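Heads up: the structure comes next, in structure tokens.
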Amino acid sequence: MSSIGNRNAIDAGSVVDTPDWIGLTRFLLAAAVLSALLVTFTPFAVTFQGSENAGDLTNQLGYSGLAAIVLLGHLIFTERHVLVSLIRPWWVLMIGWLLASALWAPDPQNALRSALFTLLAMSAVTGVFAFPTSGRAFRWVLVVAALAVLGLCYVGVIALPHLAINDGSGSEPEHAGLWRGIYSHKNIAGAVIGSLFFFGVYLLRSRMIWIGLSICALAANFVLHTGSKTSTGLLPLVTLLVIFGRIVGGRRLLAVGVFLAIVAMALLTLGTVLSPTLDAIVQWAAPGTTYTGRMDLWRYALEVWQGHHWTGFGLNAFWQTDVVAHTEKNFELSWDPRGSPNAHNGYLDIAISMGIPGLFLAVVMLVILPLVDYARIGRDPESTRLGDTLLMVLFYLLLNSFLESYLFERANPIWMLVWFAVVGLRLLARHRMESGVPG
């Protein structure tokens, strides 16, 4: 992509004149890795099992293979100073705590396996940035991955509607007719494809007009058909806030504004079950708000979490386990927690699994450090455009995570996009990006 890749690599724009087989190989590797992470190894799965499928052979081979390919690619292509910049003390602490939380889970072997595959998938993401030899090559990586996801999703809607469109069976009949594409749930589809909309915005700003417009239009249309109100509403809001916020207030002020928006979202969601005052404010603004029953789920989780504040229950040791299954059904709750796969709040699930220390480290790793990195990105147009895009993706998904749970879920493409944005902002803050030939 830049000095992030090989300093001596031939610009991808010259491939037309003189074949650059090394550059082409690096491009294909990056495009294949990102496409695989977003499409997943189980497309059109009717149910998403998250970390429960850590022992699935397809996922084992898939994520292990991706990680092995990327690590080999780093040894061959990536400069040492780029790899060193990926070794961040706060990241190391977070990884250490993640592994530790697996050890005190009731089933440490399964939890540790899930944690290791999470780390393997995270390592694979780094190749997406390190392998392309220029900004132009990187943009085409995004094009390939975005069109792979969108193409498969639309093919599914047209040719495999029984898999790509919710038929209303199961526990959510109200979702009948809503699109989910290659993903197991409309909310996963909404968040992933909503992120692809930002890819399109980046391509538009990089003068790849028709491709950018096509991706934006296809992504926006699909998100609308998922029926995901959160994903749909946040798309224009995040785009306008980031672009105009940077123009008006500069990067530092925008970073502060994004942080305050995330804090506000925390107060207006999880805060409502912790503070009667905050709940009263939300009910005054939108009477009857329960976030589709999530507030009952959060109250239940916080009540059971008492006494486990510092260590949590351990990785994958709460939802759909005996801890929840053996609780007596509360008929006053609008959502039976015994059937829920998670808390539908990523931050709460981190606290439940890894305790307050884990939540603190996660906030530093996923929120604070990326915003600091964004403020430090180079002022050249190429770095600015990509930095804005990565901030859009991160901001969008961090807000989504207050109503859905996917942080540190190895098999979840939304988590891959969160980590994609975090890694990209880190590398942009440390290394110069070369644009290559525009368009």
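In case you wondered, yes, glycine gets a Cβ from its N, Cα and C as well.
Quick caveat, the model's predicted, so the values are computed rather than measured.
As written in TrEMBL, here are the features:
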- 197-362: domain 'O-antigen ligase-related' (DOMAIN)
- 27-48: transmembrane segment (TRANSMEM)
- 60-77: transmembrane segment (TRANSMEM)
- 89-105: transmembrane segment (TRANSMEM)
- 111-131: transmembrane segment (TRANSMEM)
- 140-165: transmembrane segment (TRANSMEM)
- 185-204: transmembrane segment (TRANSMEM)
- 209-227: transmembrane segment (TRANSMEM)
- 233-249: transmembrane segment (TRANSMEM)
- 254-274: transmembrane segment (TRANSMEM)
- 350-369: transmembrane segment (TRANSMEM)
- 390-408: transmembrane segment (TRANSMEM)
- 414-429: transmembrane segment (TRANSMEM)
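Among the stretches 27-48, 209-227, 390-408, the one making the largest number of Cβ pairs under 8 Å with the transmembrane segment (233-249) is 390-408. Through the fold, the transmembrane segment (209-227) approaches residues 143, 146-147, 150, 153-154, 157, 175, 178-181, 186-187, 189-190, 193-194, 196-197, 199-203, 235 of its own chain, all at least 6 residues removed from its boundaries and within a Cβ separation under 8 Å.
Within the same chain, the transmembrane segment (60-77) stays apart from the transmembrane segment (185-204): fewer than three Cβ pairs sit under 8 Å, each pair at least 6 residues apart. By the Cβ criterion (under 8 Å, sequence separation of 6 or more), the transmembrane segment (414-429) is in contact with the transmembrane segment (350-369), since 3+ such pairs are found. Remote same-chain partners of the transmembrane segment (350-369), defined as residues 6 or more beyond its termini with a Cβ less than 8 Å from a stretch Cβ, comprise 88, 90-91, 93-94, 97-98, 101, 259, 262, 301, 305, 308-318, 343, 394, 398, 407-408, 418, 422, 426. Counting Cβ pairs closer than 8 Å and at least 6 residues apart in sequence, the transmembrane segment (254-274) and the transmembrane segment (185-204) reach fewer than three and form no contact. Within its own chain, the transmembrane segment (89-105) is flanked in space by residues 111-112, 114-115, 118-119, 311-317, 353-355, 357-358, 361-362, 364-365, 369, 408, which lie at least six positions past its ends and keep a Cβ under 8 Å from the stretch. Counting same-chain residues at least six beyond the ends of the transmembrane segment (185-204), those with a Cβ under 8 angstroms from any Cβ of the stretch are 38, 48, 139, 142-143, 145-146, 149-150, 153, 166, 175, 178-179, 211-217, 219-220, 222-223, 226-228, 230-232, 234-235, 238-239, 385-386, 388-389, 392-393, 396-397, 400, 404, 406, 412-414, 417.
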